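As recorded in TrEMBL:
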| type | residues | note |
| --- | --- | --- |
| DOMAIN | 191-360 | domain 'Hflx-type G' |
| BINDING | 197-204, 243-246, 338-340 | GTP binding site |
| BINDING | S204, T224 | Mg(2+) binding site |
Amino acid sequence: MKRVILVQRNCLTNGESKNIRQLIELQDLAISANYTVVGDVTQTRRPDRKYQIGRGKVEELALMVIELGADGIIFSNQLSATQIYNISETCKCEVIDKFQLILEIFAERATTKRAKLQVELAKFQYELPKAKAIVSLLKKEERPGFMGLGSYEDSYEQDLKSRISRIKKELASVQKDNESRRIKRHEHGFSIVALAGYTSAGKSTLFNALVDEDVHVADMLFTTLLPTTRALNIRGRRVLLTDTVGFIEDLPHWMIDAFRSTLNEIFLADVILLVVDASESPDIMRKKLDTSYNTLWEQIKGVPIITVLSKIDRITGDELKEQLENVGYLAPNPVAVSAKNGWGFAELKTEIYGQLPKWKRDTVSLPMSEYGMSIVSWLFNEGIVHSINYKDRIIVDFEARDEIILKAGIIEKKR
Ligand SMILES: Nc1nc2c(ncn2[C@@H]2O[C@H](COP(=O)(O)OP(=O)(O)O)[C@@H](O)[C@H]2O)c(=O)[nH]1
Ligand SMILES: [Mg+2]
């Protein structure tokens, strides 16, 4: 795991709380990209053309890199090619900015062909304005490997442009592949529950706490599952819980499509858990909820949303009441939880259970034979079996989605 130092030039016009939030967001992003954060540096000043932060600060940073044994530096501010070059020259390690970091995360999370293309497109679009500067910097001094470029030539910019147009063409012809995956998972009697919300809202902590609490459910059915998806059992219903990168503050427009493609799992979901940090100020919480709905709305019509107010161990009961009143109409089905100590988990599960696609209850009578037993095990896989009575026939009282009830009825009539 790479050890990194985080650096942020604080904007003179940003308030202190926004600066702190941005640094925490950067840290969460670094962690979700599997970096180990070994230190951080901030400086409040106007941007320096050559180094982004002050030259003296960069020299301090170079010492820190040695002392802390860091392999890389991640900047919170967007860097120009010149800045990346100069800082990495001084600090003798890899330097990236938040946007490259986000692209790394998106690339890792992109599961469909379409998503992969969109992430690649964003990457090239990020590099394009830098292309000219990179080539001239590289010419100045032999630097193979800089910014992932093995070799280079004047046509680098041209090459990027043609790659961009090729990807755009390919994207136009790639099918949307959501439906088939949704059907496949539903065939196994699973419903999909996705965690949405801003970075640092507490999604991953909640994901882990819910998964840890659960007794093991067969994950094996889905060997292709991402590490961010786990099978859960909620009152007998099988659920695939999916963690997501989540929303990122002030995302530049050229990243929006790539970002949306990583939300694929959210758009596939049967229920969305929209997580908001209840310990943030009422203004910020409302703003984040508002933006979240705007981002989701178009594509999730009809999908129920549960608003999860997280980290309630950090606030008092009165403050929680205030937050609930404050977000009011913006927060459908609110549930307050603390992933730290498990508060509200029972309520959350009840709420999830209540919002899952409805299943019906039925009884089926099957022959007492190997064939009948195979149908019983099929019902165990696809639904919830409430009771089995073995007489001259096997009587199964079960609950499942419509399709299964229909199939079971046909099987019953056949035999
Ligand atoms: N006190 C407290 N802190 C929490 C809770 N849930 C998450 N956090 C902290 O909030 C930060 C962000 O959490 P994380 O789950 O990574 O957020 P994500 O970016 O939405 O996945 C971490 O430092 C967590 O330790 C909680 O229930 N209580
Ligand atoms: Mg996370």
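Note that Cβ sites are derived from N, Cα and C of the backbone, with glycine treated the same way.
Among the binding-site residues G197, T199, A201, K203, S204, K340, the residues whose Cβ lies under 6 Å from any atom of ligand 2 are, in sequence order, K203, S204. Just so you know, the Cβ of S338 (GTP binding site) picks up 22 other Cβ atoms within 10 Å once every protein chain is counted.
Its own atom aside, the Cβ of D243 (GTP binding site) has 24 Cβ atoms within 10 angstroms in the protein chains shown. T199 (GTP binding site): 21 other CB atoms within 10 A of its CB, across all protein chains. For G197 (GTP binding site), the count of additional Cβ atoms within 10 Å of its Cβ stands at 24 [all protein chains shown]. The average pLDDT computed for the domain 'Hflx-type G' (191-360) is 87.
Taking the binding-site residues K203, K340 in turn, the residue surrounded by the fewest other Cβ atoms inside 10 Å of its Cβ turns out to be K340. For the pair S204 (Mg(2+) binding site) and S338 (GTP binding site), the C-alpha distance works out to 12 angstrom. In the three-state DSSP assignment, the secondary structure recorded for S204 (Mg(2+) binding site) is helix. In the three-state DSSP reading, G197 (GTP binding site) counts as strand.
Taking a C-beta cut-off of under 8 Å and a sequence gap of six or more, V245 (GTP binding site) has these contacts in its own chain: S32, I105, F106, R109, T199, F259, T262.
Neighbour count (other Cβ atoms within 10 Å of the Cβ, all protein chains): 27 for A201 (GTP binding site).
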